[in-house]
Amino acid sequence: MLVEFHHTTKVYLGMGFKPSFFGKLFTRSDHWTLVFSGDTVVIQAGATGIATIPLPSIQTVSVQKGLFWATVRLNAESSVVTLRGVSRGQSIRLQNELRKVISQALSRLAAPSAQFLTSVIANLEALYEQPRYLANRDLHLWGQSQASENLEIRKLIELLKHPYFDKALLPRDLESDIQRLQDVLTGQRLELARRNERFVANEMKRLKPFFDAVESQPLTDEQQRAAIVSEDRSLLIAAAGSGKSSTVVAKIGYALETGFCSPAQILALAFNKTAAEELDTRISTRLAAQLTGRGSVTSRTFHRLGLDIIAAVEGKKPDLAPWANETRDSEGSIVEELIHTLATTDRSFLEKWVTFQAVCFRPNKELPRFQTRQDYDAYLRQVGEERDGHKGIRSLNGELVKSMEEVAIANWLFMNGIPYEYERTYEYDTADQQHRQYHPDFYFSDIDSYHEHFALDDNGKAPAIFKGDYEEGVRWKRMLHSEKHTDLIETTSAMYRAGTLFRHLEAELRTRGQQFKPRSPQEVLARLAELKLPSYGGFIRTFMTLCKSGGLSPVTLAEKANSQRDRYRARAFLDVVVPVFQAYEAKLAELRCIDFEDMIRTATSYVREGKFKHPYQLILVDEFQDIAHGRAQLVLAMLTQNPDCRLFAVGDDWQSIYRFTGSDIGIMANFAHHFGVTATNYLTRTFRSNQGITDVAASFIQANPSQLKKAVQAIDTAKEATIQILEYGADDDVEAVLAAELETLAGIAQTEQRSLRIFLLGRYNHLRPGSLTSWQKRYAGALTIQFLSLHRSKGLEADYVFLLGVISGPYSFPSEIVDDPLLDLVLPVPETFEYSEERRLFYVGLTRAKRRTYVLTKKSRVSRFVQELLKPHNRGTVIYRSGKASGNHPEVEPCPACGTGVLRVINGQYGPFMACSNYPDCSEKKKLNVARTRR
């Protein structure tokens with residue numbers, strides 16, 4: 001019921017309230033009154049309108065203040081009463097009076113029930129004395145049981161939940177008990193937290209023999225605490241190398257040791273078959289005493305669990321797609337196969353695929369997003385290349401152009417067979433004291449026309465990173481063409497972002513008589529192959545996975561594409577990915593099989609519908625940072641089916657690197673939002689990397705403010721030169737640099753009389769050194785050398801690690817493709833921090849090493865990640881070398897001018913000095929501080 005009185009009120013403190021003469025006059029109000037009668041408030045409007053409202057039913061009394069008048073609103077259980085036009089001061093007095101009388105009414109109603117408090121508090125004490133960790137659900141069930149057994153207590157519990165209940169109005173001897181009960185039922189449960197802290201401390205003492213022996217080394221206090229705490233939902237955030245696997249085993253062992261559940265009631269979930277088998281073996285070995293005669297713990301991958309659920313319901317296991325495997329590293333190949341089939345059978349698709357690769361392959365970072373011109377120039381160096389002293393982005397026509405938008409235009413012209421010259425000298429001499437010789441962006445000889453692509457927005461304004469003379473330069477060029485009677489075609493960045501540039505350019509060219517002679521798709525593909533661009537198959541598969549997980553339709557995707565910054569590129573991508581997606585689903589239907597997303601979705605439905613009943617009381621999920629939306633829904637369905645089931649999730653958001661499989665780091669970052677009341681614990685001591693590697697890696701990953709913060713301490717305190725950046729001049733030099741370092745490490749192994757484990761890690765598989773096999777033979781016994789992709793290295797460790805190909809440009813690290821903004825179309829909450837996924841991948845690489853990590857970078861293509869490692873706070877821990885195994889290597893530092901080069905030593909005419917590696921684009925110089933050279 002909605003009750004509204006649009007009147008002005010004069011408030012009389014006491015039992016009655018009525019409007020004043022002037023209030024009615026200026027607001028045209030009818031007469032009304034408000035009076036208190038026992039435990040009710042009675043409001044009469046006009047001659048007949050009466051509302052009687054019980055005071056305890058009024059949940060809130062709010063005031064909305066205006067310039068002269070205010071509105072008082074009473075929100076009751078079945079009605080809303082609005083009193084308008086009350087003066088500001090009077091509204092507050094009315095609000096306070098109402099709250100006071102409501103509190104008094106509540107205390108009168110609570111008094112008869114309070115006599116039962118003694119028995120309730122005794123029951124609470126008995127609950128606290130139970131020899132187990134008490135979760136929030138335990139308190140919830142206790143509250144329900146107390147209310148169901150005693151009507152008066154149920155009534156008291158409901159009164160305690162009222163926002164205006166004031167325990168101070170009750171007799172003093174009851175105040176303490178009321179406060180305790182209120183804290184348990186409606187407060188922060190601080191007493192429960194204190195009780196559980198005492199319990200954890202006592203358990204650590206009581207079970208010290210168990211915790212000392214359950215693993216090969218005694219567990220740390222952090223590990224023991226994580227094993228004991230048994231909240232409804234527990235999240236363990238574990239640093240790299242901090243012993244999370246030991247903690248998982250201890251958690252299971254503690255549950256068995258204390259009788260919380262039987263082995264058959266425990267489910268341990270891992271993300272791949274190897275991890276599940278290793279965990280199963282570890283549980284069987286380390287917990288033999290707890291398992292003897294009691295059965296076994298269930299260790300599964302998510303996919304094995306999904307298959308088991310479907311088989312239990314349908315009576316047989318479904319057929320999985322032949323390309324589906326635990327690592328998912330071959331799923332990109334099925335996309336490549338489908339693209340090839342579509343391209344050879346569908347001319348329309350072929351043209352769209354070629355257009356996307358030629359014009360939209362790379363993301364175009366908009367000029368307004370750069371803070372300085374130096375940032376923009378640095379970006380162009382990172383996505384471009386250098387040739388014959390010139391730097392830029394190579395077009396299909398072979399020239400190096402100066403911006404991403406210009407290369408898109410150049411490639412579009414090439415595809416359409418339109419002859420052009422890039423930055424040809426203008427036909428008139430323009431050099432004077434104010435201007436250089438003019439070089440228009442494009443010249444079309446067939447129609448004798450010039451084309452300028454201006455970096456202007458919809459309002460004709462240039463980005464802030466360009467100096468004010470950019471717009472003046474635009475006006476000068478327009479005036480010049482007008483004065484010299486030379487034809488000028490204009491396009492702008494605003495047109496590019498709106499997706500209208502190419503339609504506009506085509507119309508302008510055709511109007512002038514330009515002939516279009518489109519090249520064959522095969523010819524364009526051949527040119528694209530020469531550019532050696534990374535494959536897009538894996539990215540498209542990632543996109544499809546996220547699309548299926550989110551249940552997104554082509555219509556929804558099209559709507560999202562229209563809101564993208566680069567609408568043209570988003571639409572061009574959907575023109576490709578939608579037919580591929582349809583072909584993919586048709587392939588599954590043809591083979592009568594399902595993929596992992598289908599399997600997880602079906603299994604989740606069977607759990608939700610009750611067709612599959614699970615027996616578990618404790619579910620453990622390892623590597624939780626890599627969980628995908630579908631897997632999270634399956635876990636949630638199992639928890640919902642059995643509310644007494646506890647969840648223990650272990651992960652490290654710093655190592656979330658599987659977005660290409662559909663993982664969503666936001667699920668871990670917002671764990672309690674997805675799964676409910678949560679106890680969060682941390683493992684912050686690493687047994688793997690030394691403190692030097694740990695500090696640098698932690699600083700690097702936490703540059704992204706979205707990553708959870710933690711301070712990590714290493715058992716090994718070594719810091720000096722534990723990360724070494726090895727610079728090489730040409731690609732052919734890489735193996736010589738590696739060979740020199742391996743020879744040095746072999747000497748260390750001989751001195752220590754032990755074999756050292758060496759990882760060669762690459763962002764891309766093509767970085768595998770050709771001499772790897774010969775090195776493995778040469779150093780057998782001294783060095784165990786292994787090449788792995790960075791993704792495959794996760795969870796592994798070595799004494800020394802080499803990160804290969806940490807460069808900018810083509811096949812860069814960070815990759816421009818993996819963090820493509822096109823993923824914003826399908827990610828529930830897009831990550832806004834640039835290269836967030838690649839940053840985590842680099843962190844994983846850094847932290848595989850126990851003793852030292854080497855980072856290999858190219859002199860002319862230094863990665864932005866290398867730049868970050870060279871920040872002053874890492875000095876001494878990170879050193880920069882020319883690739884030699886020994887000798888002087890002065891410390892270098894990021895160039896303060898351009899931000900992407902490094903200042904290195906140059907032997908000049910007047911002695912050594914430091915100069916930027918980006919010279920001549922950056923001319924920054926600095927005197928050499930000889931004291932900082934290091935041997």
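Cβ coordinates come from backbone N, Cα and C, glycine included.
Features of the protein shown, as given by TrEMBL:
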{"type": "DOMAIN", "residues": "217-690", "note": "domain 'UvrD-like helicase ATP-binding'"}
{"type": "BINDING", "residues": "A238, A239, A240, G241, S242, G243, K244, S245", "note": "ATP binding site"}
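All features noted in TrEMBL, drawn onto the structure.
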residue : record           : contacts (Cβ under 8 Å, 6+ apart)
A238    : ATP binding site : K244, T247, V650, G651, D652, Y682, L683
A239    : ATP binding site : D652, W654, Y682, L683, T684, R685, T686, T694, K710, V712
A240    : ATP binding site : D652, W654, Q655, T686, R688, S689, A697, Y843, V844, T847
G241    : ATP binding site : T686, F687, R688, S689, E797, T847
S242    : ATP binding site : L683, T684, R685, T686, F687, V712
G243    : ATP binding site : E215, L219, T220, Q223, L683, R685, F687
S245    : ATP binding site : E278, L279, R282, D622
Could you give the mean pLDDT over the domain 'UvrD-like helicase ATP-binding' (217-690), rounded to a whole number?
91
With an 8 Å cut-off on Cβ distance to the A238, A239, A240, G241, S242, G243, K244, S245 Cβ center, who else from the chain surrounds the ATP site?
D652, L683, T686, F687, R688
Return the count of C-beta atoms lying within 10 angstroms of the C-beta of K244 (ATP binding site), excluding that atom itself.
22
